[in-house]
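First the structure, in the form of structure tokens, and then the observations on it.
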Amino acid sequence: DGCGHLVTYQDSGTMTSKNYPGTYPNHTVCEKTITVPKGKRLILRLGDLDIESQTCASDYLLFTSSSDQYGPYCGSMTVPRELLLNTSEVTVRFESGSHISGRGFLLTYASSDHPDLITCLERASHYLKTEYSKFCPAGCRDVAGDISGNMVDGYRDTSLLCKAAIHAGIIADELGGQISVLQRKGISRYEGILANGVLSRDGSLSDKRFLFTSNGCSRSLSLDPDGQIRASSSWQSVNESGDEVHWSPGQARLQDQGPSWASGDSSSNHKPREWLEIDLGGKKKITGIRTTGSTQSNFNFYVKSFVMNFKNNNSKWKTYKGIVNNEEKVFQGNSNFRDPVQNNFIPPIVARYVRVVPQTWHQRIALKVELIGCQITQGNDSLVWRKTSQSTSVSTKKEDETITRPVPSEETSPGVNITTVAIPLVLLVVLVFAGMGIFAAFRKKKKKGSPYGSAEAQKTDCWKQIKYPFARHQSAEFTISYDNEKEMTQKLDLITSDMAG
């Protein structure tokens, strides 16, 4: 089998030769048939092709459909970077003979629904536009190549785009998806973090960096230590002074200083599963979780992997499963007691209660957690932008300050909005002028004085009614309050600022 990395989904995927980007083996054959939904055309993009043979006699890459053949390709010949086929199915054949060097190939594919398909090897430095959108195929997470930075500060422009999008929680590796990229001025240092199975590295000064836009549902969900967090068990240790130290579930908030929650059982083979349970007080949309270990240098405890359970009122616990295989999804946890790790839920969890259920750990189960998500509300009443750099079009006085702008709900057509405003407007104008006519008629009948006050006062009152005919209606219908940030959901936001504090 000369095939290497292979990830396929319904309408996209990634495929490489064996050992890529190392030297492919001698005398091997890789043959796979890839498909997209019927009725769609297949797009193939070659990210890399390095085959030693110059004649394609024994080393080559070939694409064959029911009606056409593309290739064979090898050596230094000119190879099209993109092929748009007239079919939804093609067989990929890679064959090797005796050779000394050569990386082989890296191929991505998608259906014709995604003409902006890129490969896993594209970097932000390959693009000049300050804003653009591309489609990442499934399977880019484990392709060799570095990224530097994080979802808060952004990524160094030398980072792989699709790998960074997986790291930031914009797309899932097994699905691929559309990414929207913003290019900004670089910063002096990029801080790496482990997220979604991808380790980003620290990076040095660069001229440019990039960020991703998101739907805004990535704020910290507040956790109340009193009553909202409980666990299957907790540990009590004794410090050097002989005092007891409680590692209770109330200490599991990631933002809090001091020891974490730790389970009472430190064995690695106990049958009853330990768990940490969080009650969010109501149904929430949960898009991710951040975890740390004990955070205490003299207690090297941390959870290496875990699964997520969730439920609502009067329902049974369910286990979060992967989309592709519908099996229990095991999330990669921490690799030390100190550094935070992030995992995103694609699709999100919608629940009131969630449980983190450790699967493997180092020495003893110890956890601090922060849930990421938003409230569930109807409609999308505003756009929220957060400041990311001086070049951002919306400026704010403080880094964490938001600006809200009312916009029509996506579910309400413009015609309905106009009608809602126009009908009360016409009725009120008619009533005002009718009142003026009645007043004029009474005035003619009266020879002296007026039970309604002076003429000057009457003019003033009428002017007030004409000048502010919709004051009450406007106050009731058009004033939108965002005093409570928890009520703002489903907003377009820069992921860098959504993840911040």
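Just so you know, glycine gets a Cβ as well, placed from its N, Cα and C.
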Check TrEMBL and name the cysteine among Cys3, Cys56 that pairs with Cys30 in a disulfide. Cys3
Counting all other Cβ atoms within 10 Å across every protein chain shown, which of the disulfide-bonded residues Cys3, Cys30 scores highest? Cys30
The correct DSSP tally for the domain 'LCCL' (114-210) reads 10 helix, 38 strand, 49 coil
Can you tell me how the residues of the region 'Disordered' (240-274) break down into helix, strand and coil by DSSP? 3 helix, 7 strand, 25 coil
